[in-house]
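Student: Just passing along the structure, written as structure tokens.
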Ligand SMILES: C[S@@+](CC[C@H](N)C(=O)[O-])C[C@H]1O[C@@H](n2cnc3c(N)ncnc32)[C@H](O)[C@@H]1O
């Protein structure tokens, strides 16, 4: 075994796995599988890649390419995500009716693997609150949400205790808790340096606190999905058993295909699902789902006398008319110079969220409005809801797409003057503004590719670059 696993961790795993322990350590010596999850709203499913069996849109890659050099990655056409954690899809599909309009919370959301996955599984009539307590990480989450392009998501930056005050607000809550990360040792050996028995205890206590802090925000009858990427019982089964002692929670069992290699566990009647790298093609993971059987009903929301969200004026709306598909689904609100589209059906709830939480991003940032001018914003370019024919599109080749993402000057042949959606393989990347003899690159500075492209763009190299588009026949 080449990974220097901490001795007490070895002892724990030996007692947990018995005879299978050597298969487990052998698996840790194998490279981590690389997997991606495709955004069906932006591209078709690959036809030439093996599928992650518990996820319709998850696929394995045989090597780990440079995703930074694939424009489709920047366009939100797929997300690079560890395969085991995509099992969330089964938990959601099997425990809730996803065709219903649901209010869903992803409490520990950054960088956004589960939030983008949930956003794709929900109906358009649902609302997702993707929260992250650490501010810089909340900003990364907001970036990934914008790139994924779903409009019915609000990104917040709050402590779980603040969210817990929204009594009975959510039909579903996902708590992908901060944990001791034992399941990530192979992928991220640094996680081993932080591992200790004391840290396991600390994580377990923190997870219990998080669960208690947020519990009241779940509706009676609602579903809580709890997950970690660690193996020990303290952070997994024991926390679920403890939750059932503290609160009115019943276990939800999930149907598994025997081919998946997932291990079902049970402690005090609470079921859990474990992923071990010697049995599944993925990293270590644990998930359990529970239903809240009793609790306080949601408070009914009254329209505030002084609304927090200010509706855009007729004139402002006119400036962006035709920019969004199905405009009747959206309410345009204005904050400073920004016009934002929020899901019309959720305005009362959104008013509550904006009033009580720190919202870092919400809906679709459509435009910046100054005087009588509307400048389309990056999130609109990447949105799944931008109207097909509101803007001319310029399809560019791989080298031009990378230069655009690097914020270099690019040439857009045959486009008319004005705002142009720059796209690669049919996936929108951002805005260019074509003037008489040049194009202004409006790709956001904070999102640009920072690495030098000199080597990648040499004629002998550019043909060999990976793009997920090439996996569709
Ligand atoms: C396992 S990660 C979440 C990964 C994310 N769900 C995904 O799929 O991309 C756990 C997250 O919990 C956040 N976190 C740390 N302490 C927390 C706390 N006390 N309450 C809530 N979240 C916390 C971390 O910043 C981290 O982003």
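Even glycines carry a Cβ here, placed using N, Cα and C.
Copying in the features that TrEMBL gives for the protein in this structure:
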{"type": "ACT_SITE", "residues": "229", "note": "active site, nucleophile"}
{"type": "BINDING", "residues": "132, 159, 176", "note": "S-adenosyl-L-methionine binding site"}
{"type": "DOMAIN", "residues": "1-293", "note": "domain 'SAM-dependent MTase RsmB/NOP-type'"}
Student: For the C-alpha pair, I'd like the distance in angstrom between residue 176 (S-adenosyl-L-methionine binding site) and the residue listed as 'active site, nucleophile', rounded off.
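Tutor: Cα to Cα, residue 176 (S-adenosyl-L-methionine binding site) and the residue listed as 'active site, nucleophile' are separated by 9 Å.
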Student: Rounded to an integer, what is the Cα-Cα distance in Å between residue 132 (S-adenosyl-L-methionine binding site) and the residue listed as 'active site, nucleophile'?
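Tutor: Just about 17 Å between their Cα atoms.
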Student: Work out the three-state DSSP category of residue 159 (S-adenosyl-L-methionine binding site).
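Tutor: Reduced to three states, the DSSP call for residue 159 (S-adenosyl-L-methionine binding site) is coil.
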Student: Checking the spread of the S-adenosyl-L-methionine site as listed (132, 159, 176): what is the longest Cα-Cα distance, in whole Å?
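Tutor: Farthest Cα pair among residues binding S-adenosyl-L-methionine: 14 Å.
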Student: At the level of the C-alpha atoms, what whole-angstrom distance separates residue 159 (S-adenosyl-L-methionine binding site) and residue 229 (active site, nucleophile)?
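Tutor: Here the two Cα atoms lie 21 Å apart.
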Student: Can you work out the mean pLDDT of the predicted model over the domain 'SAM-dependent MTase RsmB/NOP-type' (1-293)?
Tutor: 97
Student: If you count Cβ atoms within 10 Å of the Cβ of residue 132 (S-adenosyl-L-methionine binding site), leaving out that atom itself, what do you get?
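Tutor: Around residue 132 (S-adenosyl-L-methionine binding site), other Cβ atoms within 10 Å: 25.
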Student: Have a look at the binding-site residues (159, 176) and report the one with the fewest Cβ neighbours inside 10 Å.
Tutor: 159
Student: According to DSSP, collapsed to three classes, what secondary structure does residue 176 (S-adenosyl-L-methionine binding site) have?
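Tutor: For residue 176 (S-adenosyl-L-methionine binding site) - judged by DSSP and reduced to three states - the answer is strand.
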